[in-house]
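Pulled from TrEMBL:
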- 1-13: compositional bias 'Pro residues' (COMPBIAS)
- 1-26: region 'Disordered' (REGION)
- 56-75: transmembrane segment (TRANSMEM)
- 87-105: transmembrane segment (TRANSMEM)
- 111-130: transmembrane segment (TRANSMEM)
- 151-169: transmembrane segment (TRANSMEM)
- 175-194: transmembrane segment (TRANSMEM)
- 199-216: transmembrane segment (TRANSMEM)
- 236-257: transmembrane segment (TRANSMEM)
- 378-400: transmembrane segment (TRANSMEM)
- 406-425: transmembrane segment (TRANSMEM)
- 437-455: transmembrane segment (TRANSMEM)
- 475-495: transmembrane segment (TRANSMEM)
Amino acid sequence: MGETAPPPPPQVVAPPSQMPLGAARGPTWTPAEQLHQLQYCIHSNPSWPEAFALAFQHYIVMLGSIVIIASSLVPQMGGDHGDKARVIQTMLFMSAINTLIQTFLGTRLPTVMTASFAFTLPVLSIINDYSDRNFRSEHERFEVTMRTIQGSLIVSSFLNIFIGFSKAWGNFTRFFSPIVIVPVVCVVGLGLFARGFPLLANCVEIGLPMLILLVITQQYLRRALPRAHHILERFALLLCIALVWSFAAVLTEAGAYNNAKQQTKQSCRTDRSFLISSAPWIKFPYPFQWGAPIFRASHVFGMMGAAIVTSAESTGTYFAAARLSGATPPPASVVSQSIGLQGVGMLLEGIFGAAVGTTASVENVGLLGLTHIGSRRVVQISTGFMFFFAIFGKFGAFFASIPLPIFAAMYCVLFGIVAAVGITFIQFANNNSLRNIYVLGLSLFLGISIPQYFVSNTSPNGVGPVKTDGGWFDNILNTIFSSSPTVAIIVGTLLDNTLDAKYAVDDRGLAWWRPFQSRKGDARNEEFYSLPVRIREYIPTRFLY
């Protein structure tokens, strides 16, 4: 016979006057729906001179993604430096249009729309299909490739238009909770780690000083110099770019890279982009500038996968932007409306001949947290710089020639801020629940691990690990599972709504979350997300709630 268990020791009940466990060790922080250190929130505005300076800073930050994508794809298409300059101008022009659409009619959040890396795999697939064909010149191959991209963007745009304006995407986001939002927003930032230090390391002597100088100037120096506190807090990024860019120019002129490897020259020198010499003085992007679009079903399906990915990426970015601009989480109808308008923007991109579609810029959302300014007006003003530099090519090419490691140093800080913002949503759920810890951990890990497998096993010509007899099917799966936010949304939503979902309503934070899911659920929703100039009166109510 086994031994009988001893009786449990009597519990000691603390007297009412005794302090609760841990209270003597310091204060505890109650959940805060808004970040109190923001100096300007979504509908408050700095002075006009300061707003223009901040808007120019947003333009510089968003420019990096466009330059990286164009520099990577255009040479593989057969385009020369002049073609690359025109592609950058077109993508910049379309980013301005889409940013205005989203800030006036979409989410109304201060989010910049910029070129999306999600379209890289479908575009590489198109490039690969034309690589073995005979053309009269490389420029002809470039134009045919661009026309095929145009046709694919035009057709795939209707997927976003449908899931957005049919409210399908909004209804899907109603299954979200803070437990889903945490990993999604986190991997929106962390999933872009390849554009951080790995890109910076291509030219350490420029990228690393930029990173160190930005941290010291923006965080430490502003505390040491109280009189310059606000200037350094808001404009340290521009100051550091100017200093390090000048340093790179001095190294270039001094011949520091004359005997370096070709990749080092491309990353470090300030004269290797050839954009200034090849860009036109004035060039206005116009519809079908590359010719009539070419429609091929196999390429369209790959673009549809990218369209789904940009919807997931933008959704996570919108929740981060709402947090960093002092707004409530966007209601389901607002998110759905923004995805529909993103489809409209993709349709325009196909018509105007952009190389890729757009998504909400993660780096610009990080800039909101870096400067503590979440003003919508600042982002809207930044579109003026985008239009100007997209049309006057020589001036735009000057800033587009900033070495990419300088952008990578910025990304290390800005992406990290966005990832950290995702963690703050856990305060609205029970972070001591083992069930929640399981969902968070698995969603976060798979959201990084699965895309890393797909990316590392994708060949330079865009062939991913999924290889079946259906190339279109391969393109869809390879594109979807190469995206961290998309994987995190799939895993997180599935687990959170199937693991004891009914019995963990309070632990999931749904009591706090549900009022924000409809426009009328919280009185502040109307304040942040109402459309301007009485536009709402002309929109059917079925699209608003």
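Every residue, even glycine, has its Cβ placed from backbone N, Cα and C.
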Intrachain neighbours beyond the transmembrane segment (56-75), with Cβ under 8 angstroms and 6 or more residues off its ends = 83-84, 87-88, 91-92, 95, 112, 114-115, 117, 120, 123-124, 127, 142, 195, 199, 235, 237-238, 241, 273, 355-356, 361, 363-364, 367, 371, 378-379, 382, 385-386, 389, 399-400, 402, 404, 407, 410-411, 414
Ask   = the transmembrane segment (199-216) vs the transmembrane segment (378-400): three or more C-beta pairs under 8 Å (separation of 6 or more)?
value = no
Ask   = Relative to the transmembrane segment (175-194), which of 87-105, 236-257, 475-495 accounts for the most Cβ pairs at distances under 8 Å?
value = 475-495
Key: Other parts of the chain folded back onto the transmembrane segment (111-130), taken as Cβ under 8 Å at six or more residues beyond its ends   = 58, 61-62, 65-66, 69, 72-73, 76-77, 91, 95, 98-99, 101-103, 141, 144-145, 148-149, 152, 299, 302-303, 305-306, 309-310, 313, 317-318, 321, 342, 345, 354-361, 363-365, 379, 382, 458, 460-464, 471, 475, 478-479, 482-483
Inquiry  = Considering only Cβ pairs within less than 8 angstroms, which of the stretches 87-105, 378-400, 406-425, 437-455, 475-495 has the most against the transmembrane segment (236-257)?
reply    = 406-425
Ask   = Which one of these stretches, 378-400, 406-425, 475-495, has the most C-beta pairs shorter than 8 Å to the transmembrane segment (87-105)?
value = 378-400
Key: Residues of the parent chain within Cβ reach of the transmembrane segment (437-455), under 8 Å, 6 or more residues beyond its termini   = 179-180, 182-184, 186-187, 190-191, 194, 426, 431, 464-465, 478, 481-485, 487-488, 491-492, 495-496, 499
Note = Within the same chain, the residues 6 or more beyond the ends of the transmembrane segment (406-425) and with Cβ under 8 Å of it are 61, 63-64, 67-68, 178, 181-190, 192-193, 195-200, 202, 206-208, 210-211, 214-215, 237, 241, 244-245, 248, 316-317, 319-320, 323-324, 362-367, 369-370
